[in-house]
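The following features are taken from TrEMBL:
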DOMAIN    C:25-354  domain 'Ammonium transporter AmtB-like'
TRANSMEM  C:57-76  transmembrane segment
TRANSMEM  C:88-108  transmembrane segment
TRANSMEM  C:120-139  transmembrane segment
TRANSMEM  C:146-165  transmembrane segment
TRANSMEM  C:177-195  transmembrane segment
TRANSMEM  C:215-233  transmembrane segment
TRANSMEM  C:245-265  transmembrane segment
TRANSMEM  C:277-295  transmembrane segment
TRANSMEM  C:301-319  transmembrane segment
TRANSMEM  C:340-358  transmembrane segment
Amino acid sequence: MAMPPPARPRRLLPLSLGLFQGALLLCFALFFTYDKPSAQAEDVILVASKIYSTFPLFQDIQVMLVVGLGLLLAFLPHYGLSALSHNFLLLNFSMQWALVLQGLLHHFHHGQVHLNLHSLLTAEFAAVTVLISVGAILGRASPCQLLVVAACEVPIYFASEWAIVTRLGILDVGGTITIHVFSCYFGLGVSKALFGAAQQPVHPKESPTHSSDLLSLVGTLILWVFWPSFVAALCQPGDAQHRAILNTLLAMSASAVTAVVASSLLEKDGKLRPSHLQNGSLAGGVAIGAVADLAVPPASALALGSLSAVVCVLGFRFLTPLLARKLTLRDQCGIHNLHGLPGLLGALASVVAILAAPKDSSES
Amino acid sequence: MAMPPPARPRRLLPLSLGLFQGALLLCFALFFTYDKPSAQAEDVILVASKIYSTFPLFQDIQVMLVVGLGLLLAFLPHYGLSALSHNFLLLNFSMQWALVLQGLLHHFHHGQVHLNLHSLLTAEFAAVTVLISVGAILGRASPCQLLVVAACEVPIYFASEWAIVTRLGILDVGGTITIHVFSCYFGLGVSKALFGAAQQPVHPKESPTHSSDLLSLVGTLILWVFWPSFVAALCQPGDAQHRAILNTLLAMSASAVTAVVASSLLEKDGKLRPSHLQNGSLAGGVAIGAVADLAVPPASALALGSLSAVVCVLGFRFLTPLLARKLTLRDQCGIHNLHGLPGLLGALASVVAILAAPKDSSES
Amino acid sequence: MAMPPPARPRRLLPLSLGLFQGALLLCFALFFTYDKPSAQAEDVILVASKIYSTFPLFQDIQVMLVVGLGLLLAFLPHYGLSALSHNFLLLNFSMQWALVLQGLLHHFHHGQVHLNLHSLLTAEFAAVTVLISVGAILGRASPCQLLVVAACEVPIYFASEWAIVTRLGILDVGGTITIHVFSCYFGLGVSKALFGAAQQPVHPKESPTHSSDLLSLVGTLILWVFWPSFVAALCQPGDAQHRAILNTLLAMSASAVTAVVASSLLEKDGKLRPSHLQNGSLAGGVAIGAVADLAVPPASALALGSLSAVVCVLGFRFLTPLLARKLTLRDQCGIHNLHGLPGLLGALASVVAILAAPKDSSES
């Protein structure tokens, strides 16, 4: 007869999570406040117009992270509910944690941190890195392990973002390098550290069915539709934001078409594999982030989108099995193919764009 | 041999619904018109800017009610299609009915009612009360019964809203009291009146499966994402709306984390129950409505969100079985836990906020 | 023993699609550029405010086409994944093709085409016609055939739109005639040409199940919610856009209620048929497009919505079987009932509105 499981580990998650939420609450009580009410009518109009310009994009990004990414991760049957719940819990945990951290680190004016929609947006971006990274260990890590990963990754993200953007001065409006490349290699490192030794066989729960693939594709489509909002949210209003939206749309459109082409050519039976479409369609959005707001010609956005879809599909076909075989590195959702390779491609494109651009192109 | 069912009752629903739609059409033809076209260029800009500021929020609320709430109610397998259809039909019926009623009651200027986006928004809010109330009798009432409930509830809602907001002067921007508490107890009353006598056993159709719980969770997430738009839609533009958005986001984030904590601590096996997550994550949004636009500190929004998730999960665990046993009161979707208890908590918070606030805090 | 299938046809799709994407890329490289950066601060504000007013509507339309329409087409079980993927691929292919075509045709200023959000929006509208037309041959045509249809339909759409709007001067802000009626009869023609001879029996894959009907209804609801954005996107800002939003909301609300009435009255068992609800609820949106921005009284929008739902349900019940029997014309998704008949009704309403209106009603 099997022994009943010990009671303590089951209580570890809720107790530590509850303590963490309590500590965050304390930090909010001590340090956070809202902006003072605007004294003059002009200031009221300014605040209102900031909300009208930022809030729709913020909501688009929330839909992406909560619904789109959650469904994309639901491709394992019998694991969909957990994937969606864990994604949702991690987002909320990481977002509050990032709010507190960035409040204490960056915005410490006169003892009180002034909270606004912009600070929530940047906290959301920090939380995205966690959601991407855990894709590598989806369905294998316990909720406690996921929370530890989140607690560690957020401060490291802020440090790396400070190094890349503030110290090195790299332009990265869509987070290609700071978010996608960073979180991909962080996640692969975590996967290696936690599960590197074991050569696990593929679990039967891990082969997608028609209906789980359908849900996952719906998640892809939601991410695909709202990706331009993600890239454009932190852009300079005006021409730069307009270009960011258009470039992202073009790159993702080329990406979707090319993913179908590449997948059909690579597979022996000529059939499109759902995972290639689910990930390849989004690869263009990852790559374009670094150059989206620059005055690059539209054709280069299309070309970058196509190229990243090819790289992503090739990664799924050849690199993932190779990494699993040679390095015993398991990458459950293929984050290296969706975030790593297209992110590196985007970084390369950014170098080319800076070198090729006339001197004043990024000023407007 | 069973007798064939009589033909008449089957025709009762479409005929009465058709007659109602015809009568509403007649009311529209007699009393409703649009605003006169703006005569001057400045007026055109004013109309346009009102659309830009209101319409995205209006669309967010539509997604919540039509898609989010519909899917949340689809947690009973084999009943998902009906839940989604009934929710959709009730929304349209109640919204038109509310438009006509509020047109005749409030906006009767010069014989003609001038329709605009704001009047549709308030009619939508009236329809929400119906959608919440019928959650108590989901899957047990016939479509005809649902329509009768809708036809009765809308005028009673307007009367109660007038009493609470206009007569008593209670501030309730997010509808915590006027919408959530009202519709909860209205729905429980209807449930008691219709099904109070019978001690029905739990129907096999009524145990959620993995895939129906997944759909329901997607509904929760859609509601969760767009809830800030619901609370902020009728706010004063500027700082008050900004605070409403931020407070709602914070409350719901704390709510989601705390629902997981509370559910895992309460269940013997330490496992999160889907219904706790589906409802507990939203409890913070219900409670924060009454105080969202006030100048409360951010920490109190977090605390209110946490507290309402705890209350909601405790309600599911202890109060719902108690009410079913002692009062033979069935609450199919647990509306008392999601709307009743957090709503009362929000009302209490509103009293505290008013008492604790400095004199001019709600002016800006 | 079965012969292995020849390798070539399997490669035909990806190779031709890849070539097409390459050719489009070349066109973009040769002819397309972005608007020059705004020189002055006022221009920056103008560009920014154009984005804030257009981009949320654009995103709504993207959600409709990619997620809503894709799910609506997923009513055939075992075919949902293909329906969603083909819809997505066709949208991207047609949108790029329409961008290139309209760039070369209309916007040829000074040798370079200036790309902006408005040109993407009109390209999207051209792509919609393809997505509607292929509804008639859903699940029967190969991906290659679908792409040939798309390649042919986009230029014919531009020609017909030029004839209808520019030459005949017909007002059609929501695309009732130019998009819905055109693409319906184009699609029926394609269906007749490809599959007219064969009297195919109904395939077992073609009877919807509870869960495929549920997904399809979610698609309907997404389309229903965002339809006002589709109709209002190209409206004159101000009163005309305000009226377009309100009229579309009223028409679609009446449409949803009436579809339930008409379906329940027509079916012998008094039960609502999912396909009637899925299509009838949207019929009002198709019909209202032609008159949405005119100063018609609100009651006429309700009446038009009700009438088109009746026409749509009657079409499903009587006309589709008749066409299949008499003309061997198969209409898989019933596009004639959703787009053809309500579109013709809308065109008729447009004639009545113009004749009945006072002289200056469409000016504001």
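For all residues, glycine too, the Cβ spot is worked out from N, Cα and C.
Per-residue confidence over the domain 'Ammonium transporter AmtB-like' (C:25-354) averages out at a pLDDT of 89. Two recorded stretches are said to be in contact when at least 3 C-beta pairs lie under 8 angstroms, sequence spacing 6 or more; the transmembrane segment (C:146-165) and the transmembrane segment (C:88-108) meet this definition. Sequence-distant contacts of the transmembrane segment (C:88-108) (same chain, six or more residues past either end, CB-CB distance under 8 Å): 17, 20-21, 24, 27-28, 31-32, 65-66, 70, 114-115, 119-120, 122-124, 126-127, 130-131, 134, 143, 146-147, 150-151, 153-155, 158. Packing against the transmembrane segment (C:340-358) from elsewhere in the chain are residues 170-172, 176-177, 180-181, 184-185, 188, 283-284, 286-291, 294-296, 300, 304, 307-308, 311-312, 315, 319: each is 6 or more residues past its ends and has a CB under 8 Å from a CB in it.
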